[in-house]
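S.K.: Before anything else, here's the structure in question.
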Amino acid sequence: AAATTATAATTATTAATTAAAAAAAIFLTPLLAGAKFLQKEFITLVMAAHFAPAFRTPFTDIGGRVLTHQSTKKCADFEMRAMECLEAYGVQRGKTICIDYLDDLRECAFETRQMARTQAMRAERHRQWLTGERSSEDHYAPAPRIDGY
């Protein structure tokens, strides 16, 4: 009887793990598909944002930094390093030589690893809830205090 109970528990745990993996795949698939589409021509998009306009007007001066990351502190350094490398080696050679800088900029801009990590933590929490390791009240972490900024 004990062996049957242990086998049933193992089967339930395996089924819950498979369900959690399927749930994670459902959440991650659209996110990763969109990110791969955007990342496919990332170098072209980055370089297109850095060409000078044909005519300079006050409007081009105002909107010049809209397509770049230079207006925010988050990705400005990554973008500057990537652009300096691409400027030094050219776009064609820079695609292979500057790949580390471009990968850093891509991760900063799209946050694919951060989103995948968040989804994996959510799937693990849900798996623990399905297997009974975590109660319904403890399914998610408690919200921070309203004035906790």
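Just so it is clear, glycine is given a Cβ too, placed from its N, Cα and C backbone atoms.
As listed in TrEMBL for this protein:
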- Cys75-Cys108: disulfide bond (DISULFID)
- Cys85-Cys98: disulfide bond (DISULFID)
S.K.: Can you tell which of Cys75, Cys85, Cys98, Cys108 has the most other C-beta atoms within 10 Å, given these are the disulfide-bonded residues?
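M.R.: Result of the Cβ crowding comparison: Cys98.
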S.K.: Just to verify a number: CA distance, Cys108 (disulfide bond) to Cys98 (disulfide bond), in angstrom, no decimals.
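M.R.: The separation of the Cα atoms works out to 16 Å.
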S.K.: For Cys98 (disulfide bond) and Cys75 (disulfide bond), determine the Cα separation and express it in whole Å.
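M.R.: Per the Cα atoms, Cys98 (disulfide bond) and Cys75 (disulfide bond) stand 16 Å apart.
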S.K.: Rounded to a whole angstrom, what is the C-alpha distance between Cys75 (disulfide bond) and Cys85 (disulfide bond)?
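M.R.: Given the Cα positions, Cys75 (disulfide bond) is 16 Å from Cys85 (disulfide bond).
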